[in-house]
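Participant: I am attaching a structure below and will ask some questions about it afterwards.
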Amino acid sequence: MSKILIRGAKVLGGEPQDVLIDGETIAEVGTGLSADGVDTVIEASGQVLLPGLVDLHTHLREPGREDSETVLTGTRAAAAGGYTAVFAMANTFPVADTAGVVEQVWRLGKESGYCDVQPIGAVTVGLEGKKLSELGAMHESAANVTVFSDDGKCVDDAVIMRRALEYVKAFGGVVAQHAQEPRLTEGAQMNEGTVSAELGLGGWPAVAEESIIARDVLLAEHVGSRVHICHLSTAGSVEIVRWAKSRGIDVTAEVTPHHLLLTDELVRSYNPVYKVNPPLRTERDVMALREALADGTIDIVATDHAPHPHEDKDCEWAAAAMGMVGLETALSVVQQTMVETGLLDWAGVADRMSFAPARIGSLPNHGRPVSAGEPANLTLVDTSYRGAVDPAHFASRSRNTPYEGRELPGRVTHTFLRGRATVVDGTLA
Amino acid sequence: MKRHLISAADLTRDDAVLILDTAEEMARVADRPIKKLPTLRGRTICNLFFEDSTRTRISFEAAEKRLSADVINFAAKGSSVSKGESLKDTAQTLEAMGVDAVVIRHSASGAPYRLATSGWIDAPVINAGDGTHQHPTQALLDAFTMRRRLVGRDAGLGKGLDGRRITLVGDVLHSRVARSNVDLLHTLGAEVTLVAPPTLVPVGVETWPCEVSYSLDEVLPKSDAVMMLRVQRERMNAAFFPTEREYSRRYGLDSARMAKMPEHALVMHPGPMVRGMEITAEVADSDRCTVVEQVANGVSVRMAVLYLLLGGSEPAVTTPAAARTEENK
């Protein structure tokens with residue numbers, strides 16, 4: 001393994017420092033480090049150095065929908081976006097509800113080499129919400145699964161949810177809930193409100209999310225378990241999580257980049273690129289989510305990267321698939337909505353996009369401080385960059401981004417996974 | 001005029017009045033022994049119906065044929081939402097065949113907007129009803145009917161419906177007719193009130209340019225026209241209201257209720273009517289009910305829309321004198 005010297009980077013946005021990588025670990029952090037015996041020197045003056053980003057919520061689509069993404073293309077997209085670890089959601093075909101499937105995904109991640117892939121196991125068999133999957137077997141497999149989720153579907157049966165929360169305590173697991181009351185969202189196409197009323201699209205009311213979150217934090221309290229709320233999207237959800245935390249309930253929550261930036265006004269275009277679940281909400285919700293991410297009520301940013309092939313979006317709204325790709329634009333959106341608004345500094349970004357997600361997902365070698373002896377999982381960002389998003393340059397197999405042509409700040413110039421560069425000068429290695 | 005007619009909200013007051021005035025001219029053609037104009041001769045119009053609607057389709061077809069257009073009827077029933085690609089493919093097939101305009105009916109809200117704006121097709125798109133979104137030609141024919149009755153056939157020319165009080169009753173939540181009517185009637189200066197049980201009023205209605213009431217009896221005495229909306233039987237099973245009987249008692253229009261309306265007030269219905277539930281047979285068959293007139297007016301209004309979107313600069317109705325002048329040039 002080689003020695004790499006990153007010179008003059010603002011570590012977590014602080015004072016410029018040099019970082020010496022030796023093999024898989026960070027050997028030294030300081031000023032004026034010597035380049036003797038170093039194979040590569042990266043002049044990073046003005047750039048921000050972050051711990052490698054960790055995404056607790058990625059859809060890699062393999063097995064089953066390799067036409068939209070594979071573990072390889074998805075991890076390449078992750079590396080391009082500055083990630084060194086992603087959690088792969090369980091809603092594949094077959095569903096990741098057995099030790100066999102999670103081990104397959106985990107192994108494909110190892111083979112890809114771009115980014116560590118940590119599979120998420122399904123809570124219930126086939127995501128059907130009826131019968132618990134073999135949660136213990138998935139935990140004991142090579143994939144060492146600790147996060148379980150039926151994401152895409154809500155574990156809506158209160159008894160099943162209770163049992164899952166209780167059961168995973170045996171091995172320190174966490175249930176990540178897709179909070180969506182199914183009866184309240186039958187036929188839902190977008191946020192229920194003034195825009196849906198005008199457009200005549202089926203409404204997805206905020207209360208369908210909030211009522212499930214309220215129930216689940218109470219269940220977690222009752223059984224003394226840990227619950228994680230996926231892609232929180234409404235101001236009311238923020239209030240419930242804030243209340244739960246103040247009460248000492250062990251709840252964590254995530255927000256997606258698109259819910260920090262986009263609103264349901266965009267649906268007026270009927271362009272399915274804006275169709276996502278949970279749906280884009282109102283300006284008031286967006287502002288509440290930003291505040292909550294800043295004050296720590298929302299713990300992390302997770303992409304909900306949801307690749308879809310062109311034909312699943314190039315159609316009428318009602319027929320279109322839900323979801324957006326996000327791995328390659330997440331950091332830019334966070335820079336625009338959180339850093340440039342003064343809500344969060346870069347140390348805060350490191351926390352919300354690396355330290356905290358690694359902690360929630362129990363990933364010991366990611367989300368580590370940038371200091372000597374730590375694994376060299378690092379991301380270097382040129383924060384002064386400005387440019388329009390061009391999906392043609394995406395590493396993801398899919399192009400369903402809502403940001404095409406939109407100018408976003410920041411660009412990942414280098415990503416290191418255990419000391420090996422996966423991105424060099426903004427290009428995949 | 002815009003190039004497409006997707007939503008009643010797209011029409012300015014001038015556009016809307018122009019369409020209604022043009023429709024009056026078109027209506028005169030219906031009184032002639034030969035009910036046909038050469039206006040769209042050589043033009044091909046496709047009626048692209050992804051959802052069944054015999055009434056609307058026949059109305060458009062009659063309008064197209066009276067303007068001498070060549071008509072293609074395309075009924076792509078049912079499967080479109082499960083197989084969304086078919087809208088794009090179908091559109092491009094029609095484009096390749098040189099269709100000059102597409103009249104589209106679709107169960108998905110926004111499908112006509114996608115068709116008009118996605119670059120799949122170049123021809124003008126006319127929305128003949130999309131999901132629970134819009135049905136602009138229905139709103140135009142309703143406004144035309146109201147203007148004729150409340151302002152007058154000739155007296156109404158150039159005018160809107162200023163100060164007239166219009167009440168829409170029933171399933172507003174699922175009604176594209178209600179949305180289109182609220183937009184257009186507001187544009188034309190009318191005061192609109194929606195009356196429905198709260199379960200059938202959309203969340204977000206407070207931004208609409210209208211009033212909302214839950215009491216039909218309170219609103220009837222101050223209505224110049226009452227438009228009953230269709231209540232689909234399947235709403236019964238979805239707990240929007242307890243029973244058909246209760247709905248009928250609170251929101252149905254019978255002769256006792258009709259008696260509370262001013263003398264001149266109209267009863268309207270976009271059809272098809274559910275007699276006995278939303279409207280009694282007695283009211284439906286009364287002189288004040290304009291259902292049949294609405295159907296006739298639908299053809300005139302659709303002729304006007306097609307002419308204005310496709311006809312270019314020639315006069316809509318060539319009188320014999322004007323035709324001679326044209327020949328002498």
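Cβ coordinates come from backbone N, Cα and C, glycine included.
Sharing the feature lines straight out of TrEMBL:
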- B:ARG55, B:THR56, B:ARG105, B:HIS135, B:GLN138, B:GLY271, B:PRO272: carbamoyl phosphate binding site (BINDING)
- B:LYS83, B:ARG176, B:ARG230: L-aspartate binding site (BINDING)
- B:3-147: domain 'Aspartate/ornithine carbamoyltransferase carbamoyl-P binding' (DOMAIN)
- B:163-309: domain 'Aspartate/ornithine carbamoyltransferase Asp/Orn-binding' (DOMAIN)
Participant: Check the DSSP secondary structure of B:ARG176 (L-aspartate binding site), expressed as helix, strand or coil.
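Facilitator: Reduced to three states, the DSSP call for B:ARG176 (L-aspartate binding site) is helix.
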Participant: Of B:THR56, B:HIS135, B:ARG176, B:PRO272, listed here as binding-site residues, which sit with their C-beta under 8 angstroms from a C-beta of chain A?
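Facilitator: Near chain A: B:ARG176.
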Participant: Can you give me the residues near the recorded carbamoyl phosphate site, meaning same chain, not B:ARG55, B:THR56, B:ARG105, B:HIS135, B:GLN138, B:GLY271, B:PRO272 themselves, Cβ no more than 8 Å from the center of the site's Cβ atoms?
Facilitator: B:SER53, B:SER59, B:ALA128, B:GLY129, B:VAL177, B:PRO270
Participant: Measure from the Cα of B:ARG176 (L-aspartate binding site) to the Cα of every one of the binding-site residues B:THR56, B:HIS135, B:GLN138, B:GLY271, then give the nearest.
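Facilitator: The answer is B:HIS135.
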Participant: Just to confirm: which same-chain residues, 6+ apart in sequence, have a Cβ under 8 Å from the Cβ of B:ARG55 (carbamoyl phosphate binding site)?
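Facilitator: Expected: B:GLY271, B:PRO272, B:VAL295.
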Participant: I'd like to know which of these binding-site residues, B:ARG105, B:HIS135, B:ARG230, is least surrounded, judged by other CB atoms within 10 A.
Facilitator: B:ARG230
Participant: Taking helix as H, G and I and strand as E and B in DSSP, count the residues of the domain 'Aspartate/ornithine carbamoyltransferase Asp/Orn-binding' (B:163-309) in helix, strand and coil.
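Facilitator: The counts are 66 helix, 24 strand, 57 coil.
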Participant: What is the interatomic distance between the Cα atoms of B:THR56 (carbamoyl phosphate binding site) and B:ARG230 (L-aspartate binding site), given in whole Å?
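Facilitator: The separation of the Cα atoms works out to 15 Å.
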Participant: Per-residue pLDDT averaged over the domain 'Aspartate/ornithine carbamoyltransferase carbamoyl-P binding' (B:3-147) comes to what?
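Facilitator: Per the prediction, mean pLDDT sits at 91 for the domain 'Aspartate/ornithine carbamoyltransferase carbamoyl-P binding' (B:3-147).
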Participant: Among B:ARG55, B:THR56, B:ARG105, B:HIS135, B:GLN138, B:GLY271, B:PRO272, the annotated carbamoyl phosphate contacts, find the widest CA pair distance and round it to a whole Å.
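Facilitator: The span, Cα to Cα at its widest, is 17 Å.
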Participant: Among the binding-site residues B:GLY271, B:PRO272, which residue has the largest number of other Cβ atoms within 10 Å of its own Cβ?
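Facilitator: Max Cβ neighbours within 10 Å, all protein chains included: B:GLY271.
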Participant: Just to verify a number: CA distance, B:HIS135 (carbamoyl phosphate binding site) to B:ARG230 (L-aspartate binding site), in angstrom, no decimals.
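Facilitator: That separation, Cα to Cα, works out to 14 Å.
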Participant: Under DSSP, is B:ARG105 (carbamoyl phosphate binding site) part of a helix or a strand, or is it coil?
Facilitator: strand
Participant: Other Cβ atoms within 10 Å is the metric here; tell me which of the binding-site residues B:THR56, B:GLN138 scores highest.
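Facilitator: The residue with the densest Cβ neighbourhood is B:GLN138.
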Participant: Which of the three DSSP-derived classes (helix, strand, coil) applies to B:HIS135 (carbamoyl phosphate binding site)?
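Facilitator: SS state of B:HIS135 (carbamoyl phosphate binding site) = coil.
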Participant: B:ARG176 (L-aspartate binding site) has how many other Cβ neighbours within 10 Å of its own Cβ?
Facilitator: 23
